[in-house]
Each structure stands twice: as structure tokens, then as C-alpha cells.
Amino acid sequence: MTKFVFVTGGVVSSLGKGIASASLAAILESRGLKVTLIKLDPYLNVDPGTMSPFQHGEVFVTDDGAETDLDLGHYERFIETRMRKANNFTTGQIYKSVLEKERRGDYLGKTVQVIPHVTNEIQEFIKRGAGYETADAVDVAIVEVGGTVGDIESLPFLEAVRQMSLRMGPNNTAFVHLSYVPWIAAAGELKTKPTQHTAKQLREIGIQADVLLCRADRRIPAEEREKISLFSNVPEWGVISMWDVDTIYKVPRMLHEQGLDGLICDKLRLNTPPANLKRWDDLVYETEHPKTEVNIAMVGKYVDLSDSYKSLNEALRHAGMKNHAKVVIEYFDSETITPDNVSRLARFDGILVPGGFGVRGVEGKICAARFARENKIPYLGICLGMQVATIEFARHVAGLKDANSTEFDPATPNPVIALITEWKDADGTIKTRDAKSDLGGTMRLGAQSSDVAKGSLAHKIYGDVVTERHRHRYEANVNYLDALRKSGLVISALTQREHLTEIVELPQDVHPWFVGVQFHPEFKSTPWAGHPLFNAYIAAVLEHRVKAGQDGKATAKALKAVA
């Protein structure tokens, strides 16, 4: 029978519930348990797909095409279980499902209310995510409840998990509550009052925490832990300190050494072998003992919030570990990059242009791609980063001076990038759209496969077939591929059915490492193996760094104005 651990948060948001949940899952997995994680988001959006990265951060995409919370990226990087659509749901999805049932007459004329109809639906969604009472059932499902205790939006979720705990019994559920213990510099002490109050709020809802994870910028002394225990009704051994660390990969060991996994296993009556965290210790050692350092310039549209590129940042660091190098990322707002100042990128060992939507800042990205191409700096373009590299090549090499994307200029005479109107989805169904289609849920999403051209750089990295996750509406225009090929661009991966361009590159006798991919490889990177594309990119960056050092960092070419 599946056991459930519910993780809630209090006082303030962004305490690290996702990292705490993923860390607990990793420890339990190391004990031999089959574990999954489920994220409940209390906003009314159906999914985060149409939300601004500045508001929500990264949208993480699963193999089955779900646009989900960035915490699912942490989950996949910490445990072996892959996330699915069922592992993340929102208030919007719950109400949509309830209202559809009401319209069908499933409630047999009853008045539809938050209790029991909405709360029952939440419980059904949780069980579905855990594969409850199916062949796919897990041993433990860790359920992260988004938001903060006391928020109106979270109340139906908290009531639902309270009911679920009551129905399933005390040995089948456990509650872990994160709270904030601030350090008041003027007083020179940690203050426990906010944690006392949030534990009280939780009890008023009907939930008694089994474990309190106390977030602070330092370890919490025994005296404060004893006080928190007394006023929160949690035994002192259940009051666990979570302090700031320089890498999130230290958190599993931190929680294990304070007995969190033992407490949960005792509460849930789980008889398991001891935890084995050697792989985590090895990982931390690798992060703390790099042999060299590389500097990457990331030219993006959402750089004011680094969470917009969370998986990408982690993928670069994973590749750094595989190459025994510390990766230092410097962010550049693409709106600030112009032909006059792009030469400031010359001091970097590699240039990366990530994905994005809309015309803002696109010309700066095109400048960055051109600068990398002309100065033979290793370049990796992801999604929009591939598209701007294609536009740049079309303008300055293929002679299509007005080349553009119809996303940025619908009337462009040379639409080398255009809207995809038909494609096969991750589940095999044929999807269509046009310029008037809704924004939400109408992109090419999820895992897609394509053939890789033999003899290409991509083939050295991926082999014969590449399968990666996608999230885009626009694609290289098939009508321009021959012209681009004749000018020297290598189209190294195409989908079999639609002939959509998946990877472009420059021949290695022209540029040592210049690759653009339409997909998002960062979503499949793990700290254990990295990702083959990022591993190859950082290896090329290291090689460029060595060569540039030997050549004395030759002066970069300035960009010439193009009429």
C-alpha cells in the first residue's frame, strides 16, 4: 500500500520545499523504496505554460508533454523516477475537472461545493499521481503543497490532505512542515516566534506536523529547537535544522544526519535497509574539487530571474562536473547587446543563447550568435537560440538580408523560421494549429525523436537517433533548408514525418563547435551523468579556453554593419 508524506510551508514562500521534498525522496530511494513526488499548485491557471518566466520561473516539460512547475526539474534530478502530467496539478485543473463533471451530471443534481466535491477531486488527483492501487503504485509518494499555510488559495488543498490522512490512518501518512527561523542582526539571535505561529495555524486547520524543518541561514542551536518543540507540539527529535549551503546536493546528507528519513520510516512503519548516500557524497566532492574553471556568457531575455533558466544552469554545472571544471555563468540581457558592444563577450570561453518567446531582445541574441560564429567561440543555441542562429546565418552568410521569423515579423519576405501548423505529439496524435489558436497547450510539447545525420557533430554526440523534450511553436522553414545547406549550414537532425529541423551546426573545419538545437536538452540532464550535449559543449569550451590561452586571447573581430 502506498504511503504518503505531505510537505507544507509556512511564514514565507521560497523556503525550499521542493529541495526538501526531493532530498527526502532521494534518501528514501537510497533505502530501496520506490518513490515519486507530486506538486500541488494553488493558482487558477490550468498550467504554467502561459505564465511569464519573471512570475513563475522556468516551465519544466516532461516526456509526456506536461508544462509543469520548476520543482519537477528538481525531482527528476534527485531521484530515478521520471515525472509525468499526473505529478503536477493546479487549482485550475481541479476546478476544470469538477465543472466538467457537473456539466455531465456526474453529481446527480447535488449542490457542488468545495467540501466534499473539490477536496475529493484533489484526493483523486493525488492518488492518480502516486499510481495508488495500480500496477504502477509506488511505496512512498511525497506530496508538496504549494503556497503558504494561511493563504486562502491553499485551504482546499490542506483540507483535502487532512481528510486523506484521516481516511488512510496515522501509519500511512506523515506531515512535514517547513518554517522560517529568521536571524535578527540587531538582537543577535534567532527568532522562533514565526515558527510557533505557523505550527499553530496548521493545527487550527486540523493538521499536526510530525516533523518541522526549520530554515535559517545557520544551524539552529539545541536551546531554540527545544523551545520550538515545546510550542509546536512536535517532539524535539522532530525539529530539524535546514541551513544555507553552497550547493543543493548537500541537503540529502544534512537531513539524513539529523534523522529525517528514520523518523518518516518509523511513522510509516517502513522496514528498510539503511540509507546509502555515497553517490551524494561523491557528487559533493566533485563540486568542491574542480581542476579548472570556465566562463560562459548566457545571453537571454529573462536574466533578471535566474530561476527562469533553472534546469539550464544545473545542466551546465552537471557538465562541468563531468569535465572536472567549475562553470561560472554570467548573464547578459539580450536587449542590451548591440553590434557596438557585443565584443564584450570576447572574454568568455563559450556563448549560450537559451529559449524564449516574442520579439523583445531578439536582435541582441542574433548579434551574440554572429559574434560566436565569426570569432569561433563555442556556441550552443537552445530552442530560440537555434532559431536566431539560423536567422543570423541566413542574413550574413546565405545572403537573405531580410531573413526573419514570422513570430517577430509576420510580413518578412524571407521567413526562414515559421509557425508549425501540423506535427505528431508525444503520444502519437496529430496536432494542428494556426496563428489564431489559443496560446495555452498548443505548442509542440514533450519527447520527440528524429534521425541524426552520420558524419555530423550531432552524430558523435547522440548516435543515430536523438530523443529530447520540446516546447515551441516556431520551426525552421522547410522551404529554405536547401538554400541554407548550399551556403554551408549543416542540418544534422530532421524528424521523419514532418521534416522539422531539430539540430543545425557548422562544419568543424569552419567552426570548432557551433550547434543549435530546437529541443530543450537541459530537462534531461542529471547530476550523475550530465547530458551528452552539454558534456560535449563544456569539453569544447575547455579546449577553446586552452587554445585561446596559447594564442594570447587574439583580438575579437568587430561586427560589420549590414545594409
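Each residue, glycine too, has its Cβ placed from N, Cα and C.
The 10 Å shell around the Cβ of Cys383 (active site, nucleophile) contains 22 further Cβ atoms across the protein chains shown. According to DSSP, Cys383 (active site, nucleophile) is assigned to coil rather than to any helix or strand. The active site, nucleophile annotation in Swiss-Prot covers Cys383.
Under DSSP, His520 (active site) is assigned to coil, being neither helix nor strand in the three-state scheme. For His520 (active site), other Cβ atoms within 10 Å of its Cβ number 23. Here Swiss-Prot flags His520 (among others) as active site, drawing on sequence analysis.
Residues within less than 8 Å, Cβ to Cβ, of Glu522 (active site) and separated from it by at least 6 positions along the same chain comprise Ser311, Leu312, Glu314, Ala315, Ile382, His531, Phe534. Among the features that Swiss-Prot reports, active site is placed at Glu522 (among others).
Cβ-based neighbour count (10 Å, all protein chains) for Lys193 (CTP binding site) stands at 13. Sequence annotations record features per position, and here Swiss-Prot assigns CTP binding site to Ser13, Asp151, Ile152, Glu153, Lys191, Thr192, Lys193, Pro194, Thr195, Gln196, Lys227.
Positions annotated as ATP binding site by Swiss-Prot, on the basis of sequence analysis: Ser14, Leu15, Gly16, Lys17, Gly18, Ile19, Asp71. Packing around Lys17 (ATP binding site) is summarised by its Cβ count: 24 other Cβ atoms lie within 10 angstroms of its Cβ, all protein chains included. When secondary structure is read from DSSP and collapsed to three states, Lys17 (ATP binding site) falls in the helix class.
What Swiss-Prot lists as L-glutamine binding site is Gly356, Leu384, Gly385, Met386, Gln387, Glu407, Arg473, and the listing cites sequence analysis. DSSP assigns Glu407 (L-glutamine binding site) to coil in the three-state reduction, outside any helix or strand.
Summarising the annotation, Swiss-Prot assigns domain 'Glutamine amidotransferase type-1' to 295-547.
Taken from Swiss-Prot, the feature region 'Amidoligase domain' applies to 1-270. Taken together, the residues of the region 'Amidoligase domain' (1-270) have an average pLDDT of 95.
In this structure the C-alpha atoms belonging to Met386 (L-glutamine binding site) and Ile19 (ATP binding site) are separated by 31 Å. Separation of the C-alpha atoms of Gly356 (L-glutamine binding site) and Ser13 (CTP binding site): 26 Å, rounded to the nearest whole number. Checking the binding-site residues (Lys17, Gly18, Ile19, Ile152, Lys193, Arg473) against His520 (active site) with a 10 Å Cα-Cα cut-off leaves nothing. The distance from the Cα of Asp71 (ATP binding site) to the Cα of Ile152 (CTP binding site) comes to 22 Å. Remark: of the binding-site residues Gly16, Gly18, Gly356, Gly385, the most isolated position is Gly16 (fewest other Cβ atoms within 10 Å of its Cβ). It is Ile152, among the binding-site residues Leu15, Ile19, Ile152, Leu384, Met386, whose Cβ has the fewest other Cβ atoms within 10 Å in the structure shown.
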